[in-house]
Amino acid sequence: MLTITAIKAFNDNYIWVLQQTPHSQVYVVDPGDAKVVIAYLVSHQLALAGILLTHHHQDHTGGVGELKRYVEQTSSQTLQVYGPQKENIAHVNVPLNPEMRTELTLPFLNAQIQVLNVPGHTAGHIAYVIEDALFCGDTLFSAGCGRLFEGTAEQMLSSLTLLAKLPANTRVFCAHEYTLSNLKFALTVEPNNLNLQAYMQKATEMRAQNSATIPSSIALERAINPFLRVGEQSIIDSIKQHFDDPDPIKLDELTCFTRLRQWKDIF
């Protein structure tokens, strides 16, 4: 059975630990901080088998070098570090190009891992699907999506459309606890969305108890995430009103997404 555990890092990052019982070897996703990972490994008597990276940003990769040295010192083995080939990340020794290779089989994880090409937040951003779990870094957040630092709106919309087509029961393990702030924006865009209203209440209660709102699910995101709903008339009308656009012609999805992202950037 695959167990997935969150290690909290910095202000709002989640580093995900993947363990297939009964193995004591684990993988971690996007370890921006080595110290919290090492503390977790030691306290749970686990060995680090590998690292999965989604993109190059420091809060996702900053701990890789120290973790690699830790494994070399404690086991005399070379740590396997998987990451996007396009981003030339330090310490990655298994570069992945999902346009050429879309599946992985990792030691100690009894499951095929699907590698997805999801540019937008960064130029080479990738995501991993393991059983019913999606590890999407900073591409898809609960009720939101990542900023466009390197990619285009067209790329990000394509990436989000790809993720939205995953099975509804897919659990969404993004890398940040941004849910409440994203929900505030989503309700500004779509105030009459009953699913949004209900989830805002639930998420607020969860955070008040210091509980994580992650994982989300693809089904939930289809219902509440404005960036997955840019074809909905309620979203289109809200964008037109916000940007003072009286044109009766229906906006296409790319234009809606572009304007929605611009709106969120200054929200």
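Cβ coordinates are placed from backbone N, Cα and C, and glycine is handled just like the others.
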May I ask you to find which of D132, D138 Swiss-Prot records for the Zn(2+) 2 site already listed with D59, H60, H176?
D138
Further Zn(2+) 1 ligand in Swiss-Prot, beside H55, H57, D138, within candidate set H44, H121:
H121
Give me the Cα-Cα distance between H55 (Zn(2+) 1 binding site) and H176 (Zn(2+) 2 binding site), rounded to a whole Å.
14
Name, in the order they occur in the sequence, the residues of the same chain whose CB lies under 8 A from the CB of H60 (Zn(2+) 2 binding site) and which sit 6 or more residues away.
N13, D30, P31, G32, L53, T54, G137, D138, A175
Shell list (Zn(2+) 1; ref centroid = CB of H55, H57, H121, D138; cutoff 8 A):
T54, H56, H60, T122, H125, G137, T139, G146, F149, A175
Could you state the CA-to-CA distance between H121 (Zn(2+) 1 binding site) and H176 (Zn(2+) 2 binding site) to the nearest Å?
14
